[in-house]
Amino acid sequence: MSANENNLIWIDLEMTGLDPERDRIIEIATLVTDANLNILAEGPTIAVHQSDEQLALMDDWNVRTHTASGLVERVKASTMGDREAELATLEFLKQWVPAGKSPICGNSIGQDRRFLFKYMPELEAYFHYRYLDVSTLKELARRWKPEILDGFTKQGTHQAMDDIRESVAELAYYREHFIKL
């Protein structure tokens with residue numbers, strides 16, 4: 001293991017909703033790949049404690065999804081708050097990628113970055129300002145080569161580490177079938 005500026009940091013958050021002014025992070029996971037999308041290491045998957053009052057603000061979709069996955073119970077049982085989760089994630093990332101080198105990688109990653117900016121600003125600042133957003137390729141494929149879209153299916157567990165692994169696999173799929181490298 002050594003920090004390499006070409007490695008990519010992949011991240012996914014599960015939140016109580018989509019508005020960082022009202023909602024909170026309830027799960028964070030990261031993994032690191034090399035430039036060829038080979039997974040080098042998986043970071044900690046952390047349920048971030050939130051109060052019962054905060055959890056009660058979730059809409060029906062979030063309650064159903066995060067209860068079915070067991071995340072609500074893990075959040076209630078967790079002793080890690082935003083700052084502890086942020087520090088544990090940074091400790092992992094520093095082993096693999098120097099600060100400011102990796103774009104933030106994932107699916108619809110701009111949404112996650114909004115929450116990081118508000119609740120985990122030190123972690124948000126660890127990333128390069130650029131984004132590697134797999135959903136951009138999906139949108140381009142939908143418009144320019146829709147016949148390839150059915151070739152990749154997500155499980156959609158809405159568990160952070162599962163979602164990241166799927167994002168890496170989805171980018172590899174688009175690299176082969178859309179970009180054709």
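Cβ coordinates come from backbone N, Cα and C, glycine included.
According to Swiss-Prot, the feature active site maps to TYR129. Among the features that Swiss-Prot reports, Zn(2+) binding site is placed at ASP12, GLU14, ASP163. Under the heading domain 'Exonuclease', Swiss-Prot lists 8-171.
Residue density at ASP163 (Zn(2+) binding site): 22 other Cβ atoms are found within 10 A of its Cβ, drawing on all protein chains shown.
The Zn(2+) site is set by ASP12, GLU14, ASP163; from the centre of their CB atoms, other residues of the chain with a CB within 8 Å are LEU13, GLU27, ALA29, HIS158, GLN159, ALA160, MET161, ASP162, ILE164.
Less than 8 angstroms from the CB of the residue listed as 'active site' sit PRO103, each of them six or more residues away in the same chain.
Of all the binding-site residues listed (ASP12, GLU14), ASP12 sits in the most crowded Cβ setting, with the most other Cβ atoms within 10 Å. For the domain 'Exonuclease' (8-171), the predicted model reports an average pLDDT of 97.
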